[in-house]
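Below: the structure, in structure tokens.
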């Protein structure tokens with residue numbers, strides 16, 4: 001679950017981290033009023049969306065008069081911002097963050113992720129702030145410095161100082177950086193984060209460190225113990241189908257093809273999509289109904305797939321282990337009957353109660369194409385689409 005920049009900065013401020021003073025605005029009038037509250041003669045207006053690359057797409061603007069701030073808000077509020085990290089529709093802008101401009105002397109990068117290979121939180125810092133860290137890692141990896149957090153001892157001040165020295169910081173900037181590091185590490189652990197990025201972490205001409213930008217991603221599997229963060233989740237930034245699927249514990253990701261896929265198990269789902277592509281078709285989605293699929297969830301999965309107008313056929317591939325194939329068959333029959341399916345449906349059932357499940361589908365009288373293997377199913381679905 002992603003947070004907006006302004007939400008991340010509110011969490012930062014509560015923990016004593018240095019952030020620019022700013023106001024979240026929902027109208028052009030509020031944006032102009034924010035300049036009066038902030039004072040000064042230079043402000044930064046930022047569209048709040050769950051995507052990077054805002055600046056290159058016109059979603060961030062440096063303004064030298066209140067009218068420019070107001071015009072920027074008028075231009076973007078209620079519109080969609082398209083960046084290299086969004087799809088072609090972009091993401092809706094409902095908030096504008098207006099901040100006093102910062103007098104920047106140097107830009108740094110500071111971030112943290114969970115390193116799967118070591119099962120530890122790893123902090124990364126670089127002098128190459130303000131640019132995409134992926135490009136730095138590709139072209140100049142020696143400029144990225146890392147420290148690993150031991151889960152038993154937690155973050156240590158010496159680790160913050162170590163990073164500061166590697167960045168070439170001196171004097172009071174070392175202690176400032178170390179304190180920021182410690183507070184961020186505690187935030188990462190307390191809020192069950194999966195990703196934290198400050199890009200850039202700037203040094204002002206007065207030698208003060210400020211978190212100029214903020215990006216936080218919360219581990220979705222830990223939201224049950226983060227009720228406060230769950231409440232501020234902005235579902236408008238997600239694909240509507242994906243958000244709806246999450247309510248039914250379905251793992252759904254929209255894609256660009258026209259073959260709807262419903263599978264149990266993430267690995268099998270990816271393998272199914274590969275087979276669909278191998279035989280000349282394109283998957284419209286990734287959808288994992290999970291090991292505890294019920295008739296109701298299967299019915300809902302069909303509805304979600306069919307809400308995509310691009311879908312011309314549906315492939316159901318179920319390997320029954322925990323899940324029973326006959327229950328999946330009940331869900332398929334109920335969904336086809338309820339929705340009034342007008343497109344081809346290819347079903348492959350294997351494993352737990354596969355034969356009773358196949359018999360239910362056969363006896364239903366519905367136009368469902370049976371497949372006896374994944375290869376057969378992929379060929380059938382590709383042929384069905386070509387015939388339409």
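Cβ coordinates come from backbone N, Cα and C, glycine included.
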From 264, 285, 367, 372, grab the residue that Swiss-Prot records in the same substrate site as 321, 322, 323.
264
For residue 199 (Mg(2+) binding site), find which of the binding-site residues 53, 102, 107, 321, 322, 323 come within 10 Å, Cα to Cα.
107
Among the binding-site residues listed here, 322, 323, which has the most company in the form of other Cβ atoms within 10 Å of its Cβ?
323
Using residue 46 (ATP binding site) as the reference point, find which of the binding-site residues 213, 264, 321, 322 has the shortest Cα-to-Cα distance to it.
213
Extent of the ATP binding site in Å [max Cα distance among 46, 53, 54, 55, 99, 102, 107]:
20
Fewest neighbouring Cβ atoms within 10 Å: which of the binding-site residues 102, 199, 264?
102
